[in-house]
């Protein structure tokens, strides 16, 4: 058969005829122009290998000994080095980068400019100096490192052990001590002029000079002979400069107070457009960017969405015209720094809205004043009612109602009063005080009554109140739980440039400093906070109420999920799968019974759960037990139940941490109950 003959008669020598050249991308036999080769072909011959001495490795590892840096500054220095390494690679040694960073006070951009401006950046290699062990000349090669007097004072050389006839003392500095062990000759320096040398002869480096027998024998000094020389002992562990967070917080609050604001409302009520236009009027968005959004939205056929694109940054949100995730930004008023969270209004993204509302202190409820639109959002099935109940159940007590799109009804006072009457009655039933609710007529597209009081005669004839920005500025910030143990709930996890990874979240209680050890629950893993970023600026500390980014090292990113809680290792949060809670049942169609499946929303956690027991029905006002072991729960009832989750969830009791003791229960796309944790089962 022909194919068999082809196989049997195959000449394999042709396959092994040519040698493989692994050092080049393309063999030299190919015809290629020099310009093309220089642009696309890599040649190892054009990049000669560099020889590095053993002393370079030792000196680069000890390059920071000449600088007295706190642990916080060291973390900042390492972070700056990581960023500079991504730009420069390994062409510049760490010593030069360190000097540039310290000279410019950790400003990476200035340090990079100085290093790049140097003519001809070449790989750095410091020439070693030759020294003779025990003060005698030697022809052999030895590795020598130079230490100055200041360096020896910062990190004293410590001998391993000094043996006397009576006792053993460890960790004392031994001036002039020379010891040999397995061919390693070490001479410890004593405090003297900067010319003193330390000779280290490694057994891995061959010696061709004076043999070991020609050197004088080592002399050991007892601890009694060294008693007259005071010697510092290096402590184990690093001393970190502690920051008085309470004092620093008072200084910060002496300027402007921090407030977390969430914007809620029915879908297409104009939430993103309203806040995007406000940010533009406040100067947080420049004219060039705004002009770009206007042109892009016109091309997409959505000219009215230009201001909404300030907060809706993803392509899918802009294409669909609805907010899907919580958009976060910052702006300032006269007396406050506001962290703005734009929550989605579509019912499919209620879990994301709960995540944003759980991190908020106050809220702005946006309603559409157009005929039929307000009624659609307010009636059964609309999100205006559900959002109002959710934020109140999650602890928000102050609310500003922005009656939006008033220009479409010609700023009619009758329409405004109709909306405020219906909505005010509902909010009072939901638990809001009348004094904590304010109604403001606005227009997000035209910008009327947002940052300044309207000058339109149609509005000023009957409305004399504050604009939306003034109302936000008048909100009272809540008391922060600074004295309680540290708690941070993770809302996002991502891999940043450099070492470690980053988590985003709001500090619910306590405070944190750079370099603190943290415990993640429920994974029960420890890590170290390498860096803290607040409002895109690196800081040394952060306290309760701050939305921060933490750069963490010492832990695998795969072990951290959204919903994990970071705490202090000494005061950890409890993780459990069974707990008891007091719940308030909302308007539901199907009664809640034993074994009822629900979706537990707790902070940023969304976990399937089952109601294991119906313990009792409670009185709404007094909390007294009115019925034990009920068969079912109907709408409006207050009850004590026991829930079980599929996976462990980190919880706190409501009486200890109000911020971390609230949760929501959803079933079939609607919220069925809100509750607080009363007991945690092990």
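Using N, Cα and C of the backbone, Cβ positions are placed for all residues, glycine too.
According to Swiss-Prot, the feature phosphoserine maps to 63 (among others).
A sphere of 10 angstroms centred on the C-beta of residue 113 (phosphoserine) encloses 12 other C-beta atoms. Under the heading phosphoserine, Swiss-Prot lists 113 (among others).
Annotation source Swiss-Prot lists region 'Disordered' at 128-154 (among others).
Positions annotated as phosphoserine by Swiss-Prot: 148 (among others).
Taken from Swiss-Prot, the feature phosphoserine applies to 150 (among others), supported by a large-scale study or a structure entry.
The annotation region 'Disordered' is assigned in Swiss-Prot to 166-239 (among others).
The feature compositional bias 'Polar residues' is assigned by Swiss-Prot to 201-211 (among others).
Per Swiss-Prot, the feature compositional bias 'Polar residues' maps to 220-231 (among others).
Per Swiss-Prot, the feature phosphothreonine maps to 229.
Annotation source Swiss-Prot lists domain 'tr-type G' at 256-480.
Taken together, the residues of the region 'G1' (265-272) have an average pLDDT of 87. Taken from Swiss-Prot, the feature region 'G1' applies to 265-272, supported by sequence analysis.
On its own chain, residue 267 (GTP binding site) has 322, 344, 345, 346, 347, 377, 383 as residues at least 6 apart in sequence with a Cβ closer than 8 Å to its own Cβ. Summarising the annotation, Swiss-Prot assigns GTP binding site to 265-272, 404-407, 443-445.
For 321-325, the entry in Swiss-Prot reads region 'G2', with the evidence type sequence analysis.
Summarising the annotation, Swiss-Prot assigns region 'G3' to 342-345. Using a Cβ-Cβ cut-off under 8 Å and counting only residues 6 or more beyond its ends in the same chain, the region 'G3' (342-345) has close neighbours at 262-269, 271-272, 275, 311, 322-329, 352-353, 356-357, 383, 387.
Marked as region 'G4' by Swiss-Prot on the basis of sequence analysis: 404-407.
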*Restricting to the same chain and to residues at least six past its boundaries, which positions have a Cβ under 8 Å from a Cβ of the region 'G2' (321-325)?*
267-268, 271-272, 302, 305, 308, 311-312, 314, 342-346, 349, 352
*Count the residues of the region 'G1' (265-272) that DSSP assigns to helix (H, G, I), to strand (E, B) and to coil, and report the three numbers in that order.*
2 helix, 1 strand, 5 coil
*asked:* Let's check the environment of residue 271 (GTP binding site): how many other CB atoms sit within 10 Å of its CB?
replied: 27
*Just give me the nearest neighbour of residue 113 (phosphoserine) among the binding-site residues 265, 443, 445, Cα to Cα.*
445
_With helix taken as DSSP H, G or I, strand as E or B and everything else coil, how many residues of the region 'G3' (342-345) land in each class?_
0 helix, 1 strand, 3 coil
*asked:* Neighbour count, 10 Å Cβ-Cβ cut-off, for residue 443 (GTP binding site): what number do you get?
replied: 25
*Secondary structure composition of the region 'G2' (321-325) [DSSP: H/G/I, E/B, coil]*: 0 helix, 0 strand, 5 coil
*Name the secondary structure element type, per DSSP in three states, that contains residue 445 (GTP binding site).*
coil
